[in-house]
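S.K.: Sharing a structure with you now.
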Amino acid sequence: MATIHFTKVHGSQNDFFLVDEEGNQIMDWSDAKRADFAIKLCDREHSLGGADGILYVTKSSEAGPIGQMRVVNSDGSIASMCGNGLRTVARYLLEKHALTEAKVETMKAILDVKKATSLGFDIPTYQVEISPVKFNAESLPMNVGVEKLFNQVVPELDAELAFSAVSVPNPHLITFVDQTVLDSDRQETLASYLNSENPYFPDGVNVSFVKRLSDDAIYVRTFERGVGFTNACGTAMSACSLIKKMLDKDTFETPLNVYNDGGRVQVTAKKDEAGDISLQLIGNATFVSTGSVSYESDTVTELTNEATPEQAQYQELVKEVKEFLKTTE
């Protein structure tokens, strides 16, 4: 039996158990064991309430970063990137090392992270880099008959909606819709199909429906690959912000307010001299509780769990967001 200590965290109410592999002396765990533990602990019927996944934090394989993040979804699958999760990992590592900015290694890139000005209500807020950004079909992968899909109708997916596809680096399929389409079952039907065996996105894809709220604000709802509908998806909010900026020819560096069922974040973008795009995701990094579980081959049992006051702070922001969104329906 192993005793595993955790921090329950969330970014935009996209919730996770953060597990420090070095602190728990589990750096030798196999990927299969990490997946099994995630499936058991993240079960929504578990006494701890489950989660969308586990953020495994360990030493970086490179010299520069202060740590490495590995994301395992609640179904045991691996996510190449998670923007909401990265904000909480950024906070954990920056506080651990008494820093305000640093680099963190993810599966596909080494990314800049730093502490940011609070979004309000004294909510701990962090800024993380989202990159690399690619549009080519192979990066997703995607098979819809074009090398780059940007604001284009794909009859095989939907007869009316115009889609854009981008990897950041996990794959995203994005369309801008009105409230009527949001209220329909079209998103769930399409996303469920594209995340089962299909010829268009063989590895599945995150599917986001986006509603414009104003020149500097959008609402995003995402069906996440390996998870389903969640309160928010950080990389999706980043990807949708980029597509909005490109469609509307917005200034990349101007912050875009992104609303979702989990709260609100801000996203900026920049393009370097080589033409490469990177995104900056700014949002909460809330520590909900700390605790421990016992892990045996067939069960994960709660041992301790102590709540922090941070969730109450975040709920003030959620209340504000819900009141605002009511005015946009």
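Cβ from N, Cα, C; glycine included.
Pulled these from Swiss-Prot:
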BINDING   Asn14, Asn73, Gly83, Asn84, Asn170, Asn206, Glu224, Arg225, Gly234, Thr235  substrate binding site
ACT_SITE  Cys82  active site, proton donor
ACT_SITE  Cys233  active site, proton acceptor
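Looking at the shown structure, what environment does each listed feature sit in?
M.R.: Over all protein chains present, the Cβ of Asn170 (substrate binding site) has 26 other Cβ atoms lying within 10 Å.
Reduced to three states, the DSSP call for Cys82 (active site, proton donor) is coil.
For Cys233 (active site, proton acceptor), the same-chain residues that are 6 or more apart in sequence and have a Cβ closer than 8 Å to its Cβ are Asn14, Gly83, Asn84, Asn206, Ser208, Val220, Thr222, Glu224.
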S.K.: With every protein chain in view, how many other Cβ atoms are within 10 Å of the Cβ of Glu224 (substrate binding site)?
M.R.: 27
S.K.: Using a 10 Å cut-off, grab the number of neighbouring Cβ atoms around the Cβ of Gly83 (substrate binding site), all chains included.
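M.R.: Taking all protein chains shown, Gly83 (substrate binding site) has 28 Cβ neighbours within 10 Å.
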S.K.: Reduce the DSSP letter at Asn14 (substrate binding site) to three states and note it down.
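M.R.: DSSP call for Asn14 (substrate binding site): strand.
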S.K.: Near the substrate site, what residues other than Asn14, Asn73, Gly83, Asn84, Asn170, Asn206, Glu224, Arg225, Gly234, Thr235 in the same chain have a C-beta no further than 8 Å from the centroid of the listed C-beta atoms?
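M.R.: Output for this site, in sequence order: Ala79, Met81, Cys82, Gly85, Thr222, Val227, Thr230, Cys233, Ala236.
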S.K.: Could you say whether, by DSSP, Cys233 (active site, proton acceptor) belongs to a helix, a strand or a coil region?
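M.R.: Coil, per DSSP.
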